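Chemist: Grabbed the feature section from TrEMBL, which reads as follows:
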DOMAIN    70-97  domain 'C2H2-type'
DOMAIN    98-125  domain 'C2H2-type'
DOMAIN    154-181  domain 'C2H2-type'
DOMAIN    182-209  domain 'C2H2-type'
DOMAIN    210-237  domain 'C2H2-type'
DOMAIN    266-293  domain 'C2H2-type'
DOMAIN    294-321  domain 'C2H2-type'
DOMAIN    350-377  domain 'C2H2-type'
DOMAIN    378-405  domain 'C2H2-type'
DOMAIN    434-461  domain 'C2H2-type'
DOMAIN    462-489  domain 'C2H2-type'
DOMAIN    518-545  domain 'C2H2-type'
């Protein structure tokens, strides 16, 4: 009864204030009028909503004077009420006198405990009139109702942006002030929001509260889990309006759109080169500094990028996580798989603007374009020879160093390139993967098949500039041109005799070594040259490929009889 009289007195006193009439909506204003002192109005005043507003109005009454008689001894902050000061001082003392009987969590205020208990009871006494959604706290309901009304009562004085909640305005204002009140105790890094600090601290604690139900991977951030799950679902919610390509992340879409706009917002201060991504700029700058912060624990090799290190480590582990669904081949790199799959699909998405030729990879296009420009950007430090491709330069430099890093497991022979080793190994396996469509003959090397097919087509693409004679291979042309130049680059180490071809030198050296590698299958006689063996075998076969009729012989004799010799 005493509480009822107190509320009635409070209501009458508050209605007389002009500000009160603005703070209380129409129904409550009527209830707070003198007529509201009826029993029906009294009953209404006791509900929580009215009490909530009366408390707001009571606080308002202290504002006209601006008096704050109660001050904190530790920080100097002042308060209108002594009770508010007592609660504030608990921040300094850490006192939390109100404890939850169910979970033990403690609180500074009794009201906070009362609200917390609703977590255990599931009580949500405050319901939205428009959508029916219910809330445990009245303040949460009030904020929720702004979704329906569109009300944003809190505005930023500096930029005019408005917010539905005061807390969001406070956070926003830190953009202008640069204030970062929340600091990490371990590393000292500071943040504008307590929530961002809490997420940051998981770096130190290693906490990953969000787990993927499909693969078990865990994540520190809910957003990271959501993005990860798109790997399993294949969802790509972000689409490019220009080309229709879709992406799993909005950031990936933003970067992709720079391909259309040509925007490169990140520039290198040293050389001026610009990049579409900040990460690409950071990696590029290591070219100037020479920094390679990532080292391999097994071989000590260092890298400028962590991703490059991770890919390198697959050399040691043999890991090939990317498999082709069509042929089963596996690859260490996703990009290598993507390029490989174009063998099956025949896709060649990169086209040359000058000649229209298309390529499966951008790298192939880039190399091809140097045919038009004549650019050879890679030069040898020792001999000055220049190359279109960096890989060709690396292989070339092995001529100077003598390096042959690729060894055959069966015979131990070593090679300068992996391709040479692969071709060599076909000697042991007798594999001939390249077959002629016309005659069925198989070849260990593709280039040998190409040359062979010229037998059927009669193609001789290489012509001598001096005599016009044409050849099926560039090697044949090179040997032929030595007739004109009289060049004999191959010399015998024992007698000094010189030859135009390495094959001629090899045959000649058998004179000194007395080697006769070619044997007759019928009589066992051996020969230094394959041609001599072929001539010998005609003794056994009786073959006489060269025949003359009587008229030819008579003509030949007449010619000799008329000769002065």
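Keep in mind that glycine also has a Cβ here, set from the backbone N, Cα and C atoms.
Help me understand the surroundings of these features in the structure.
Modeler: Within the model, the domain 'C2H2-type' (98-125) shows a mean pLDDT value of 92, rounded to a whole number.
For the domain 'C2H2-type' (154-181), the list of distant contacts is 143, 146-147, 190-193: same-chain residues at least six beyond its ends, Cβ to Cβ under 8 Å.
Same-chain neighbours of the domain 'C2H2-type' (182-209): 171, 174-175, 218-221, counting only residues six or more beyond its ends whose CB sits under 8 Å from a CB of the stretch.
Residues 255, 258-259, 302-305 of the same chain sit 6 or more residues outside the domain 'C2H2-type' (266-293) yet have a Cβ under 8 Å from a Cβ within it.
Under 8 Å from some Cβ of the domain 'C2H2-type' (294-321) lie the Cβ atoms of residues 283, 286-287, 330-333, all in the same chain and six or more residues away from its ends.
Assigned with DSSP, the residues of the domain 'C2H2-type' (350-377) fall into helix, strand and coil as follows: 12 helix, 4 strand, 12 coil.
Within its own chain, the domain 'C2H2-type' (434-461) is flanked in space by residues 423, 426-427, 470-473, which lie at least six positions past its ends and keep a Cβ under 8 Å from the stretch.
A Cβ distance under 8 Å defines the sequence-distant neighbours of the domain 'C2H2-type' (462-489), meaning residues of its chain 6+ beyond its ends; these are 451, 454-455, 498-501.
Listed as Cβ neighbours of the domain 'C2H2-type' (518-545) (distance under 8 Å, sequence separation of 6 or more from its ends, same chain) are residues 507, 510-511.
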Chemist: Can you work out which residues elsewhere in the same chain, 6+ from the ends of the domain 'C2H2-type' (378-405), have a Cβ less than 8 Å from its Cβ atoms?
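Modeler: Counting only partners 6 or more residues beyond its ends, the domain 'C2H2-type' (378-405) has Cβ contacts under 8 Å with 367, 370-371, 414-417.
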Chemist: Going along the chain, which residues at least six beyond the ends of the domain 'C2H2-type' (350-377) come within the CB cut-off of under 8 Å?
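Modeler: Counting only partners 6 or more residues beyond its ends, the domain 'C2H2-type' (350-377) has Cβ contacts under 8 Å with 339, 342-343, 386-389.
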Chemist: What is the number of residues in the domain 'C2H2-type' (182-209) that are helix, strand and coil, as DSSP sees it?
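Modeler: Across the domain 'C2H2-type' (182-209), DSSP assigns the residues as follows: 12 helix, 4 strand, 12 coil.
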